[in-house]
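**Student:** One structure follows; several queries about it will come next.
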Amino acid sequence: MKLKSFLLRYYPPGIMLEYEKSGELKTKSIDLLDLGPSTDVSALVEEIQQAEPLITASRTEQVKLLIQRLQEKLGQHSNHTFYLFKVLKAHILPLTNVALNKSGSCFITGSYDRTCKLWDTASGEELNTLEGHRNVVYAIAFNNPYGDKIATGSFDKTCKLWSVETGQCYHTFRGHRAEIVCLSFNPQSTLVATGSMDTTAKLWDIQNGEEVFTLTGHSAEIISLSFNTSGDRIITGSFDHTVIVWDAGTGRKVYTLIGHCAEISSALFNWDCSLILTGSMDKTCMLWDATNGKCMATLTGHEDEILDSCFDYTGKLIATASADGTARIFSAATRKCIAKLEGHEGNISKISFNPQGNRLLTGSSDKTARIWDAQTGQCLQVLEGHTDEIFSCAFNYKGNIVITGSKDNTCRIWR
């Protein structure tokens, strides 16, 4: 094995190693999730060298400099104020979803008009219209971090795979017996997973367009689905009140997470794949040990349904959004509520951290999105202007662009 190069990863902090093994170029990552301004860099490098034979003594100074650069970057907390940049009248009929590529250079919108549109963020210009579905385009995604492909899931029971560059449709994935309502690419961008009202999820091969597995086990609609960071596990959340963890390599069920007493609204892994977070209409979130499927904690306090939940990039913080009009921040370690985010006058359907982890973004039926301080829970900014409910909002990877999508049929770019 021969080390070829280092790449820095800012969020979450880490170093990517490119190395050669038997003539093949491979990569592996060293996660530095606990890196902070006060970390002893020399001691950390020693620790890394003991665990990683690729990093030899001759590389010590180089690794030190890289980690110092990461430290500096983490110290530059984003205190960005967002201003409205563009209003896009995206589609004639209502929007369903909005998604950004990793850099935020372009984004996509899905709609009841049966199309998905690709937009340039900097100019607000439409780059392409992806046409071909015979019903509502509901679930949409880029194959981040690559961003060269788009998947669209439709009420016409099919999923289509498209080229970002040309707008050409590579494959139409057929096999579901009801509407497709969620989808996700695996991190390696070799598979796309679709979840349907027919109670199944399916994995599809991006290269040949064939179905790889059908994941059968739920007794009601699957409305949430995501891969873990390494891509070897997939998680599905269903209206049957359960969450199932599947082996992405075999299509077999690994665990069923039973504990919620109402429909699941969200289900996801943290970055290092050690924890699973589930949110439910039963007003609670549950934290599970991803290695054995056991429930570790129930996060309570909301007075109405949980509509969305998420981890920050390092997995230290958890945020929950509820129909009670509040959001909460919990510590993943202590499972205690750190802050309550109050100010919205309607239910909060979307919540996400910026990649730096110091800001939260919420979207609400009160027609506003808000930016919050993730440590104190203080509202820093109200993004106003939409004339109807906001159902989708997201940061780009740098955390300096926000996209909001509303039932008023517009998207707004804030920067």
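A Cβ is built for glycine as well, from the same backbone N, Cα and C atoms used for every other residue.
From TrEMBL, here are the annotated features:
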type: REPEAT; residues: 88-129; note: repeat 'WD'
type: REPEAT; residues: 130-172; note: repeat 'WD'
type: REPEAT; residues: 173-214; note: repeat 'WD'
type: REPEAT; residues: 215-256; note: repeat 'WD'
type: REPEAT; residues: 257-298; note: repeat 'WD'
type: REPEAT; residues: 299-340; note: repeat 'WD'
type: REPEAT; residues: 341-382; note: repeat 'WD'
type: REPEAT; residues: 383-415; note: repeat 'WD'
**Student:** For the repeat 'WD' (257-298), give me same-chain residues lying six or more residues beyond its boundaries with a C-beta closer than 8 angstroms to one of its C-beta atoms, as numbers and ranges.
**Tutor:** 12, 31, 33, 220, 223-230, 233, 235-239, 241-245, 304-311, 313-315, 318, 320, 322, 330, 332, 335
**Student:** Using a Cβ cut-off under 8 Å, which residues of the same chain at least 6 positions beyond either end of the repeat 'WD' (341-382) come close to it?
**Tutor:** 10-11, 74, 77-78, 81-82, 304, 307-314, 316-317, 319-329, 388-395, 397-399, 402, 404, 406, 408
**Student:** Residues sitting near the repeat 'WD' (299-340): Cβ under 8 Å, six or more positions beyond its termini, same chain?
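**Tutor:** Result: 11-13, 33-34, 262, 265-266, 268, 270-272, 274-275, 277-287, 346-353, 355, 357, 360, 362, 364, 366, 372, 374-377.
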**Student:** Could you give me three numbers for the repeat 'WD' (383-415), the DSSP helix, strand and coil residue counts?
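**Tutor:** Per-class counts: 0 helix, 17 strand, 16 coil.
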**Student:** Would you mind giving the whole-number mean pLDDT across the repeat 'WD' (130-172)?
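**Tutor:** That stretch averages a pLDDT of 98.
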**Student:** Could you put numbers on the helix, strand and coil content of the repeat 'WD' (173-214), residue by residue per DSSP?
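**Tutor:** Each residue of the repeat 'WD' (173-214) counted once, the result is 0 helix, 22 strand, 20 coil.
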**Student:** Please list, for the repeat 'WD' (257-298), how many residues fall into helix, strand and coil according to DSSP.
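**Tutor:** In the repeat 'WD' (257-298), the DSSP-based counts are 0 helix, 22 strand, 20 coil.
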**Student:** Tally the residues of the repeat 'WD' (88-129) by DSSP class, grouping H, G and I as helix, E and B as strand, and everything else as coil.
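**Tutor:** Grouping H, G, I as helix and E, B as strand yields 0 helix, 23 strand, 19 coil.
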